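Asker: For reference, the structure I am asking about is given below.
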């Protein structure tokens, strides 16, 4: 039972992290399919655990999974929870969904579904009182979102005042903010010309735009909105149909996309799915599937919800389209914690209007599993219509010119001997701050929110300080002066003084933040908290050993090995000792 519990904890942390990356930072690092696999695995493990162990359901870990809001925006509490949809990727899973619905409502002869496109944008909740837009917010964790009203007011397709008669006293309108492909292309061309970072896809561009602090930027980005549902519906006329409610919402001036379908049977739903899949490449906006809902509001309420999903609705996703290309280079990148990540470079292909020329292979095991070789022909797809991924190698096209990939044993940046994990799945460089590739990223991480949080000193400024020779190790942050900042950034006295004061203020830091700021392989915020709770002092952590680490929950061999290797490194020890003298570290 302990093994199952530990697996649940591990999956919970993974899903929380991916929720944060997707919903809060708008920067997903795994595909929707892989996310769904993790979530479904968590569901299965919880069922098994709580079946065998009689515990209060309130402590179920899955209920804690959600995306926290950024602290840039204020909180908004949804009147009715803004739930996510469970995703499926094949028609046989829809058959199962349909079967369960019909079994539950045996007394009803015809079950009617409402189907529409699953827009790939940012879900928003619009709250109107007496016909006036009072607030707009993101989904957040389903109960609490970010108040983005000022930015939403800049989107012309969102009514600021409800038109028509019989306007409800209170209503929550739910829909998707998106960017058209044509506008996305123009935006990226503009970013390219001005030397700014390009957006990876229209969804990230839309979500990133809505979270801008300057509403004028939102206005320039030409964002659009389609309504797909509602939360609170305080209306004097009783309307039991989801479809009829949407038609009423359309009469009030909200944009409802023309392609939807009221389906009387399973066959009509599947026909609509194939139709949507066929035309999606012709649309000027991204869709990644269709949404299937029970049309009757009464039946929806009877079914209710499970965990964070409604039982009466489901998202049927499209299969990703593959394209063939040829690999011409494999490089090994050094990450912040020293992790070595193989990246495949191939001749550019175009998938849904996006040019793709490389894909991460994630780890060494992927190379072995796929048997990827240099000059191989491969099929590439966008996982979840977002992340480029190699599906398979076209072995029949392999010729005598292909070359086996040689896995490095020494760091490509600093030539330090690499350390391999037990399962040989991953390897990392233990040189830490002595490795240039790591050092730049480590210094950025040290100053970030997960570290000491030096406000006002961003990534670009840190890179400049490194290039000018002012930053080599974390200690150098504390020897920065107003004069140095003014020389490099041409800042005024006030801003320079503010940054120096912020750095001085950050000298008082909790032990878990300090441990996390070091950027040890495998030690993120949650593990850092466990270590801080166990050791209670920086000196005890600094002098730890394998035996002590093995007693701490969730600290396995690989993490223990990484911690010991990091703390044994002479350069690291010197840096940590100096930091201990400079900082005021508390529990």
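The backbone N, Cα and C atoms fix where each Cβ goes, and this holds for glycine too.
As annotated in Swiss-Prot:
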ACT_SITE  118  active site, N6-AMP-lysine intermediate
BINDING   32, 33, 34, 35, 36, 84, 85, 116, 139, 176, 293, 317  NAD(+) binding site
BINDING   411, 414, 429, 435  Zn(2+) binding site
Asker: Near residue 293 (NAD(+) binding site), how many other Cβ atoms are within 10 Å of its Cβ?
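Answerer: Taking every protein chain into account, the count is 21.
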Asker: Which residues, in sequence order, are found in the same chain with Cβ within 8 Å of the centroid defined by the Cβ atoms of 411, 414, 429, 435 at the Zn(2+) site, excluding those residues themselves?
Answerer: 334, 338, 412, 413, 415, 416, 430, 431, 434, 436, 437, 438
Asker: Using a 10 Å radius around each Cβ and counting other Cβ atoms from all shown chains, which of the binding-site residues 414, 429, 435 yields the largest count?
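Answerer: The most densely surrounded of these binding-site residues is 429.
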Asker: Looking only at DSSP and grouping its letters into three states, which state does residue 293 (NAD(+) binding site) belong to?
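Answerer: Note: residue 293 (NAD(+) binding site) is in a strand by DSSP.
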Asker: Which has the fewest other Cβ atoms within 10 Å: 36, 139, 411, the binding-site residues listed?
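Answerer: Per-residue Cβ counts within 10 Å for the binding-site residues 36, 139, 411 bottom out at 36.
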Asker: I need the CA-to-CA distance for residue 36 (NAD(+) binding site) versus residue 118 (active site, N6-AMP-lysine intermediate), whole Å please.
Answerer: 16
Asker: Reported as an integer number of Å, what is the Cα distance between residue 435 (Zn(2+) binding site) and residue 139 (NAD(+) binding site)?
Answerer: 41
Asker: Please state whether DSSP places residue 118 (active site, N6-AMP-lysine intermediate) in a helix, a strand or coil.
Answerer: strand
Asker: Measuring Cα to Cα, how many angstrom lie between residue 414 (Zn(2+) binding site) and residue 139 (NAD(+) binding site)?
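Answerer: Each residue's Cα considered, residue 414 (Zn(2+) binding site) and residue 139 (NAD(+) binding site) end up 44 Å apart.
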Asker: Provide, as an integer number of angstrom, the distance between the C-alpha atoms of residue 293 (NAD(+) binding site) and residue 411 (Zn(2+) binding site).
Answerer: 52
Asker: Taking the Cβ of residue 118 (active site, N6-AMP-lysine intermediate) as the reference point, list residues of the same chain whose Cβ is under 8 angstroms away and which are at least six residues distant in sequence.
Answerer: 287, 288, 289, 290, 291, 315, 317
Asker: So how many other Cβ atoms are close to residue 85 (NAD(+) binding site), meaning within 10 Å of its Cβ?
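Answerer: Around the Cβ of residue 85 (NAD(+) binding site), 18 other Cβ atoms lie within 10 Å.
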Asker: Cα distance, residue 429 (Zn(2+) binding site) to residue 139 (NAD(+) binding site), nearest Å?
Answerer: 39
